[in-house]
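Colleague: After the structure tokens below, expect a handful of questions from me.
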Amino acid sequence: MTELTAATPTKRPATATDYVNLMKPRIMMLVVFTAVAGLAAASGMTGITMHPAMAAIAVLAVALGSGAAGAINMWYDADIDAIMSRTSTRPIPSGAVPKEEALTMGLIMSGVSVMLMWLASNWLAAALLAFSIFYYGVIYTMWLKRATPQNIVIGGGAGAFPPVIGWAAVTGNTPLDAWILFAIIFFWTPPHFWALSLLAHKEYAKVSVPMLPVTHGAKATRFQILVYTLVLIPVSLAPLATGLGGWIYGAVAGGLGLVFLAYAVAILRSKAGDDGAPAGDMKLARTAFLFSILYLFALFGAVLVEHAAGLHFPVFGA
């Protein structure tokens, strides 16, 4: 890896927004949403319910855990964040929040989140939350991200735990249905993030982060986006077979899955990520990236609506 150098940031007063941004709020929203969907699905499938106050505390614990992992990630990645234009305005490289303060915040929030989850639910949910924080903050951030082009594939497990945590908080166990929700996020992560990496591959190359377009080229990345999309679609339909997903979920997963596949095929045929790629091809990659976020929200939104609103009518399962 080449030596990283960046200008020392000029200290500026930190604002509340800086501390919120340190927790990666956009990621936190998706994490919390999928956890709530897992919680609702567990209740709907088993008939077990949590006291509303305990459920709210469990969701808060997930949010704090996500924020903790984000702060630890920003602490460790401050050196490369300062060099990449996409991340140079983050709280640490911009000089608003000292690195040590970000780490302290992340560690304290980690402990508080796990303790709250344990008090509100059970040891299994707390242990899964602790592991997911460790997975993202240490395994992915400190090891995989700068070590292998499979960083997103293996590291994607960190972001796939929230629905499992939500399920465990309700029932104290993690059956097949919980792991199906895990698998949906796990296989969604590579095509989602690689679409972004096609746009930012020069930035990653500049800081020697071995994202797939940097190590294997844009063409190979475009192909892998299609491969993982082809895996994701049947995985996303698995809830229909177990009874976890009903007619609403099936319509959403089937319809949006076809759109996702269309984007993947279009990206494969494009020059997105190549040097001198047409602006339209790069716009396609960005649109696919944004659509993938909508796709995941819609899938888990369908799970949430079916089980929380009494609209769960299984297609095949009991």
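Keep in mind that glycine also has a Cβ here, set from the backbone N, Cα and C atoms.
Predicted, not measured: the structure shown is a model, and the values here were computed from it.
Sharing the features that Swiss-Prot gives for it:
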TRANSMEM  27-47  transmembrane segment
TRANSMEM  52-72  transmembrane segment
TRANSMEM  103-123  transmembrane segment
TRANSMEM  124-144  transmembrane segment
TRANSMEM  152-172  transmembrane segment
TRANSMEM  179-199  transmembrane segment
TRANSMEM  225-245  transmembrane segment
TRANSMEM  248-268  transmembrane segment
TRANSMEM  288-308  transmembrane segment
Colleague: Looking only at the recorded stretches 27-47, 52-72, 179-199, 225-245, 288-308, which one has the largest tally of CB-CB distances under 8 Å to the transmembrane segment (124-144)?
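Modeller: The stretch with the most contacts is 52-72.
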Colleague: Could you tell me what the rest of the chain brings near the transmembrane segment (248-268), counting residues at least six beyond its ends with Cβ under 8 Å?
Modeller: 191, 195, 198, 222-223, 225-226, 229-230, 232-233, 236-237, 239-240, 284-285, 287-288, 291-292, 294-295, 298-299, 301-303, 305-306, 311, 313, 315
Colleague: Would the transmembrane segment (52-72) and the transmembrane segment (288-308) count as touching if the test is at least 3 Cβ pairs under 8 Å, pairs 6 or more apart?
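Modeller: No, the transmembrane segment (52-72) and the transmembrane segment (288-308) are not in contact.
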Colleague: Can you say which of 27-47, 103-123, 288-308 has the most Cβ pairs under 8 Å with the transmembrane segment (152-172)?
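Modeller: Stretch with maximum Cβ contacts: 27-47.
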Colleague: In the same chain, which residue numbers or ranges, 6 or more beyond the ends of the transmembrane segment (27-47), come under 8 angstroms Cβ to Cβ?
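Modeller: Residues 55, 58-59, 62-63, 66-67, 70, 159, 162-171, 177-178, 181, 185, 243-244, 293, 296-297, 300-301, 303-304, 306-308, 312 contact the transmembrane segment (27-47) from elsewhere in the chain.
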